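Participant: Mind looking over this structure? Questions follow.
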Amino acid sequence: MLNKPVLVESLIVFTIVLCVHAVVWDRYSWCSVALAIQAFYVQFKWDRLLQLGGAVFQFRAAANSGLLPASMVIPLLGVTMKERCKAAGIVYFERFGIVVASTGMLVALFLSVIAVGITKPVPTNTCILTGVAGSIIIYTMKHSLTVSEVIEVLEVLLIFVYLSMILLYLLPRCFTPGEALLVLGGVSFVLNQLIKRSLNVVEGRGEPIDFFLLVAVIGVILLGLFFTVLFIFMDSGTWISSMFFHMMTAVLGLGVIMPWLYRLIQRNPLFWLLQFLFQTQTRVYLLVFWTFLAASACGIVFYQNAKRSSESKKHQASTITRKYFHFIVVATYVPGLIYDRQLLYVAAVLCLAVFIFLEYIRYFRIKPFGQTLRHLLSLFLDERDSGPLILTHIYLLLGMSLPVWLFPRSCAPKGSLSGAGALVPYAGVLAVGVGDTIASVFGSTMGEIKWPGTKKTFEGTMTAIFAQIIAVALILIFDSNVNLNSSYAWILASVSLVSLLEAYTTQIDNLLLPLYLQIMFMA
């Protein structure tokens, strides 16, 4: 029996795909439509495998596979980036967008083939559909990509295969298949870009903040893989292991990551970072303000834990309490987007590295803070944190930061795209900081009419759409760089579709919603 919420979620994704390609129809549109249709059918094969326990790895329970919404994100990002850079006449990034789109399609197709291959009995119709979609995609790639670009796409696919085998084995129940596709596909692409740029360093090519993002992301992931293998052979909770952890972190950071970054930016990374952070008085004010907000977030964590100790050990933070952090994140990102986006870019990278490093300390029980972090963060767990890692706060940071990191600065000479594209850096603030937060708060307190097959309410979704429209109006008032050029109907449609997706998706909305809103704005 077909799952009605999954059908509605799929219909919303199909609508977004058709809306995007109605604006940017080209040869890749046929590929996207074919990929979406086959992903829709294969999604139900994945769902059946998860229900019967037939999947090779352990995936997150209480959620469907999410293959269709995840499969379309990277291809649509590539297509919209290609069109924006083509309009700006930036050939390098136009070709880069084509590579991104092709890579996303091939990785999604690979995950579909895996599901079809392990399904018993073999689903003949789905196999035929997957073969047709694959033929269309490969034929288009053959006539669109150069030899070097084909090699790059295959490199990313190879990295994705190996990363999937390693991380899905080490981190059971942390992802759905769709979330694994998004997260591991993104990491694979970043790793390939870092290797490519490290082997072909050209002085003056690329901005230091871009290299900083690549090295920071791959550096902390490699650090985690190293300690995961190491602590298979020794107990991570002892003082000796903890001292070794801190010592090796310093050795790898100063002996590998720093020289790697030095090679890319051609200057001392620490001196560059300090000079960058304190370059202007505005940056100093922003850093002081963000420090105050970070202290406030820590205060909320300690207060809620003190409340748990005085009331009951079984006390869990409510939905509204969790949304306090969404409000703090909005207060953090909005001033950065208005006054200094480059500082926000770098600060978000630093925060991501710190969050992941603290999660290592919690997961491995590294002394002296590992057990304390376990106790403090257990209060904020929900059904999505069913694996060994707590990832919801990292997904929140990623959802807010990805539109800033993925904003095609080189294709926006004046620092801002035209029309709805001017709101691209604000996609995370609107979708997660405003929309998701207001939907949860109003839906849980005043919602009565539930969307069929879900716990989400009609009132929450409508309030979220209204709140995001008000937020857009406020952005227009306070950010002089934003000029929408009468694209209000498209913005309303984009916000409405993404809010409906929030109501029906069982995937990590903090990660999925900003990316879809960014895609709609860029189209």
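Cβ coordinates are placed from backbone N, Cα and C, and glycine is handled just like the others.
These came from TrEMBL, pasted as-is:
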- 12-41: transmembrane segment (TRANSMEM)
- 61-80: transmembrane segment (TRANSMEM)
- 92-116: transmembrane segment (TRANSMEM)
- 122-141: transmembrane segment (TRANSMEM)
- 153-171: transmembrane segment (TRANSMEM)
- 211-232: transmembrane segment (TRANSMEM)
- 244-262: transmembrane segment (TRANSMEM)
- 282-303: transmembrane segment (TRANSMEM)
- 324-339: transmembrane segment (TRANSMEM)
- 345-365: transmembrane segment (TRANSMEM)
- 426-446: transmembrane segment (TRANSMEM)
- 458-478: transmembrane segment (TRANSMEM)
Participant: How about the transmembrane segment (324-339) with the transmembrane segment (61-80) - do they touch, taking at least 3 C-beta pairs under 8 Å (6 or more apart in sequence) as contact?
Facilitator: no
Participant: List, by number or range, the same-chain residues at least 6 past the transmembrane segment (282-303) whose CB is under 8 A from its CB atoms?
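Facilitator: Residues packing against the transmembrane segment (282-303) from afar: 321, 324-325, 328, 331-332, 335-336, 339-340, 343, 347, 376-377, 379-380.
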Participant: Is the transmembrane segment (153-171) packed against any residues at least 6 beyond its ends, judged by a Cβ distance under 8 Å, and which are they?
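Facilitator: Distant contacts of the transmembrane segment (153-171): 57, 99, 102-103, 106-107, 110, 141, 145, 180, 184-185, 187-189, 191-192, 225, 228, 387-389.
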Participant: Could you tell me what the rest of the chain brings near the transmembrane segment (426-446), counting residues at least six beyond its ends with Cβ under 8 Å?
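Facilitator: Distant Cβ neighbours of the transmembrane segment (426-446) are 319-320, 323, 326-327, 329-330, 333-334, 337, 396, 399-404, 456-457, 459-461, 463-465, 467-468, 471-472, 475, 495, 498-499, 502-503, 509-510, 513-518, 521.
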Participant: State the residues, same chain only, that lie 6 or more residues beyond the ends of the transmembrane segment (345-365) and have a CB under 8 A from a CB inside it; answer 'none' if no residue qualifies.
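Facilitator: For the transmembrane segment (345-365), the sequence-distant neighbours (Cβ-Cβ under 8 Å, at least 6 residues beyond its ends) are 209, 212-213, 216-217, 219-221, 223-224, 227, 231, 236-237, 241, 245, 249, 273, 276-277, 287, 290, 336, 371, 373-374, 377, 388-391, 393-394, 397-398, 400-401, 404-405.
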Participant: Tally Cβ pairs under 8 Å between the transmembrane segment (92-116) and each listed stretch (12-41, 61-80, 122-141, 211-232, 244-262), then give the stretch with the top tally.
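Facilitator: If we count Cβ pairs closer than 8 Å to the transmembrane segment (92-116), 61-80 scores highest.
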Participant: Name the range, of those listed as 12-41, 61-80, 211-232, 244-262, that has the largest tally of Cβ pairs under 8 Å with the transmembrane segment (122-141).
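Facilitator: Per the Cβ under 8 Å count, 12-41.
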